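Below is one structure; the comments refer to it alone.
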Amino acid sequence: GASFSRYQVEESVEHLLAPTHSLAKIERNLVDSLFPVNRSKHRLYSDLQTPGRYGRVIITSFRKANMLDQHHTDLILKLHSAVTRIQVQRPGFNYTFAHICILNNDKTCIVDDIVHVLEELKAARSSNRTNFAITYPITHLKDGREVYNGHQLGGVTVHSKDRVKSAEAIQLTYYLQAINSLNDMVAEKWESIFCDTVELFQKSNRKVKMYPFTSSSLKEDFQKTSRVSERYLITSLVLVVTLAILCCSMQDCVRSKPWLGLLGLLTVTLATLTAAGIINLTGGKYNSTFLGIPFVMLGHGLYGTFEMLSSWRKTREDQHVKERTAAVFADSMLSFSLTTAMYLVTFGIGASPFTNIEAARIFCCNSCIAIFFNYLYVLSFYGSSLVFTGYIENNYQHSIFCRKVPKPEVLQEKPAWYRFLLTAKFSEDTDDSEETNTYESHLLVWFLKRYYCDWITNTYVKPFVVLFYLVYISFALMGYLQVSEGSDLSNIVATATRTIEYTTAQQKYFSNYSPVIGFYIYESIEYWNTSVQEDVLEYTKGFVRISWFESYLNYLRKLNISTGLPKKNFTDMLRNSFLKTPQFAHFSEDIIFSKKYNNEVDVVASRMFLVAKTMETKREELYDLLETLRKLSLTSKVKFIVFNPSFVYMDRYASSVGAPLQNSCISALFLLFFSAFLVADSLINVWLTLTVASVEFGVIGFMTLWKVELDCISVLCLIYGINYTIDNCAPLLSTFVLGKEFTRTKWVKNALEVHGVAILQSYLCYIVGLIPLAAVPSNLTRTLFRCLFLIALVTFFHCFAILPVILTFLPPSKKKRKEKKNPENREEIECVEMVDMDSTRVVDQITTV
């Protein structure tokens, strides 16, 4: 706990959620080395190489008005003026946009070309010129430049020849310098003031809607989940504490164990706190995905403690506390140790370097530490608590107040409320036939033994359960066939935030075109060769090309001056063109020259920028586009790469996000296979494997139908689902498979009576703890809740319905396991009871004659 003085929050979302090892990061380094940001001043369509620092705003109208009419044009230019006047106060100096903006060659701030378009539109209206036209997605400015406006104009309606009739939204972007720590700090502060300025501007202009967004918005909204979850987690804790105490309570005030319910939850809390402390001490940083760790611990830790309490109820009351405790550990700790080992293996694989998503890796690492310490604390802290309450029970003390409970004849003289609080059954008041039923006053024990076990194994109920299972499999299959990978970063941030609002508006108004994709040629090719020019233009066929380099190649081809032109003459003419042709004044930023020893100039690299026409499923199409261009780059004659900063998150995302689950499943299968040689019957592992597969298949299918994508959070939940299923199903299956003599139905009932109470108690506490999570206004917790709820529900369905029914008519057969006895080999058992002198211990010695 003291280590929280070193508490740190992870600031980089890319570090957490982008695949650690990806080709896109290598391509970004190559692009940065060829075309540094300071050489890309005019190529800032949409963060071409690095997100950097920026402020962005989408302006639209509530009434779907034309944002290019006079009123809205003046309003947008007024907003632009307000933004450029923003000041960041620092000791001794006030920074404005002009001080931290990216500068043009003439030392003026670079602003979006749409601002120049709006200024020219306003000037045309002032001079009553009617011939001014804006085309889409490429338009012309009065200085002769062609500019791309596909990402600045949204909801566009066009006339003939791409002339814009109206636009429902306009997007402005302001790029900032971040060349050193001071500059970055000022830029970050400017972004904050930018959002406040936009929101203040909207309050004075109610008819328009503005969606501000900055480079810090995603980080802030990702961590905002932790802040908005606090009161819901406290509510969850209160509910779990209350229900855990109730689940361990019964009418008998001596045999009731409310303190063990509370101490079991305290054990889980201590383990989670210890893991968090170790992470802090080792330099780890907190992030919002850690919200799932307490629920991982809740499902595993509480079941272990409830199973120990269930084992305690099976011991004889006339035994000494030491014997009863030994019986509890012998009965419950073996299965708890094996399931803990399974947790450590599966999450350990997830915490290994094989995991390519950093958020998943550190989540698994933290979970491993918490589970390990939970095991130690259950052995020590909770075991000691069980012994302590055992002595209280043996001394007939009240389970809550720890005072001696008076005999029934004394209670008769007390008031009714006093008798109610001190109700207890004394061993001398019960005969031998009632001795084993002292705990049946517990509501759950009574319900399972008297009603549920007989009902679920009823011949007329079984067909309906099988039919229900077939329906379950059908719907799970339907969802499984629709699984999609969720690489959209808005899925992990809080709702009602700038990220969600901006992303929604961008998808609505600006989904016609993909982000600008850089097309980089990183070899010296024969640009003067007509066939090479045709190859380059062929590779980019089907895209909207928004680069002067592509225009220049077409310009050369039209003049037909490249045919047969020597290399030296071509490169000299190319260089002179930059100086003499205004149309290609900015072409120098898209091409790199190198001078050789004989003063001959060579073109070593070049670039152009492309956008693709997209539909509604913009992100999926962009991913397919990336894969297509990658394959093309491997087979083309020209060596090129394509890059956009969003590729860093998308590249290998599907394989990276699925790898932890795949590796954990493989490790779990190997562990189950090899442990089959260690357990009493390998059929336990066969049934366990089939059950885990059925549960995981169902969870994946139903979470897809519930609109949950396969992303980092859902994959972590699925890894947990493997272990949660084994936690709950392994004791049931073990008891059933190892049972002999009686029928299958009898052993199904026995397994439910022995382990069903612990499963039901932990399930109720787990579900009650999850319910407040559903109300948290965050997409991350929404995914967390839906996945964990489905895991708990489907596992409960298997434990209390599917397995009890299927096991009654599928192997193992109990008749074959029945030991043959004949009169000649009959065994006679003599029981000799020995009591020591002070009558404090009773020892049963069984002697075979």
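Cβ coordinates are placed from backbone N, Cα and C, and glycine is handled just like the others.
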Students should find that the transmembrane segment stretch in TrEMBL, chosen from 326-347, 370-391, is 326-347
Apart from its near flanks, which chain residues at least 6 from the ends of the transmembrane segment (718-739) lie with a Cβ under 8 angstroms of it?
-> 292, 296, 299-300, 303, 307, 335, 338-339, 342-343, 346-347, 350, 364, 367, 660-661, 664-665, 668, 679-681, 683-684, 687-688, 691-692, 695-696, 699-700, 746-748, 750-752, 754-756, 758-759, 762-763, 787-788, 791-792, 795-796, 798-799, 803, 807, 812, 814
Are there three or more C-beta pairs under 8 angstroms joining the transmembrane segment (232-250) and the transmembrane segment (751-776), sequence spacing 6 or more?
-> yes
Report, as numbers and ranges, which residues of the same chain sit near the transmembrane segment (686-706): CB under 8 Å and 6 or more residues beyond its ends.
-> 472-473, 475-480, 482-484, 665, 668-669, 672, 676, 714, 718, 721-722, 725-726, 729-730, 733, 737, 786-787, 790-791, 794-795, 798, 802-803, 807
May I ask you to check whether the transmembrane segment (326-347) and the transmembrane segment (288-306) make contact, with contact taken as at least three Cβ pairs under 8 Å and only pairs 6 or more apart in sequence counted?
-> yes
Quick tally over 262-282, 288-306, 460-481 of CB pairs under 8 Å to the transmembrane segment (788-810) gives the top stretch as 460-481
